[in-house]
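Swiss-Prot has this to say about the protein:
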SITE      Asn10  site 'Discriminates between blocked and unblocked aminoacyl-tRNA'
BINDING   Tyr15, Tyr65, Asn67, Asn113  tRNA binding site
ACT_SITE  His20  active site, proton acceptor
SITE      Asp92  site 'Stabilizes the basic form of H active site to accept a proton'
Amino acid sequence: MDYIITGLGNPGERYTFTRHNAGFLAIDYLAQFFNTKVDKIKFKGLVGSFEYAGKKVLLLKPMTYMNASGESIIEAVNFYKIKPEKLIVIYDDIAFDVGVVKMRKKGSDGGHNGIKSIIQCLGTEEFPRIRIGIGVPKYDMVKYVLSEFEDGEKEKIFRAIEKASNGIKILLESDIDRAMNYINGDVVV
């Protein structure tokens, strides 16, 4: 494998379309985008793989629940001997309005427990991540992130996921800097 792309979320039908599962939704979209399925059980998660632009990619949805995501990811990283810069993590972020997408090469956990778990397990903050804005909580944080998107927000989230997926495509075709320029800017593919 050349890359691992993982999306963070919680397993179970009741969480499928919740704000905290933006990462899982992105992985599902990527699976369709690259014509694969994420349905094999491995690394305490569900996996699928594809090859694009000469690169082999593993898609991973940790089934450990959000706060223990690192346990699943470290197993895959160690198995494939992937360097942290070849691990791309997609997750929800309350710091951005619904539908805003941002990519960066590294950073702190920003208060996100899934990212905190990954940093603990990897022993580094130096892995790329794509953050999908889910909006600032209007009420209790836990209830908010575990609530479903409102009707007017769903289209914004799916446009954000589409933009993130196009960014992944650019990354695989070229490099992370071009992907970041696309995702963080107003560039249209």
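Positions of Cβ are set from backbone N, Cα and C atoms, glycine also.
Under the three-state DSSP scheme, Asp92 (site 'Stabilizes the basic form of H active site to accept a proton') falls in the strand class.
Within 8 Å of the centroid defined by the CB atoms of Tyr15, Tyr65, Asn67, Asn113, the record's tRNA site, lie the Cβ atoms of Gly9, Asn10, His20, Thr64, Met66, Ala68, Ser69, Gly114, excluding the listed residues themselves. Asn67 (tRNA binding site) carries a helical DSSP state (H, G or I). Tyr65 (tRNA binding site) counts 18 other C-beta atoms within 10 Å of its own C-beta, drawing on all protein chains shown. Considering only the residues assigned to tRNA binding, Tyr15, Tyr65, Asn67, Asn113, the longest pairwise Cα distance works out to 16 Å. Candidates Asn10, His20, Tyr65, Asn67, Asn113 (recorded positions) were compared with Asp92 (site 'Stabilizes the basic form of H active site to accept a proton'); those inside 10 Å Cα-Cα are His20. Using a 10 angstroms CA-CA radius around His20 (active site, proton acceptor), the recorded positions that qualify from Asn10, Asn67, Asn113 are Asn10. Long-range C-beta contacts of Asn67 (tRNA binding site), restricted to its own chain and to partners at least six residues apart, with a cutoff below 8 Å, comprise Asn113, Gly114, Lys116, Ser117.
Counting only same-chain residues at least 6 apart in sequence, those with a Cβ under 8 Å from the Cβ of Asn10 (site 'Discriminates between blocked and unblocked aminoacyl-tRNA') are Thr18, His20, Asn21, Phe24, Tyr65, Met66, Leu146.
DSSP assigns Asn113 (tRNA binding site) to a helical segment in the three-state reduction.
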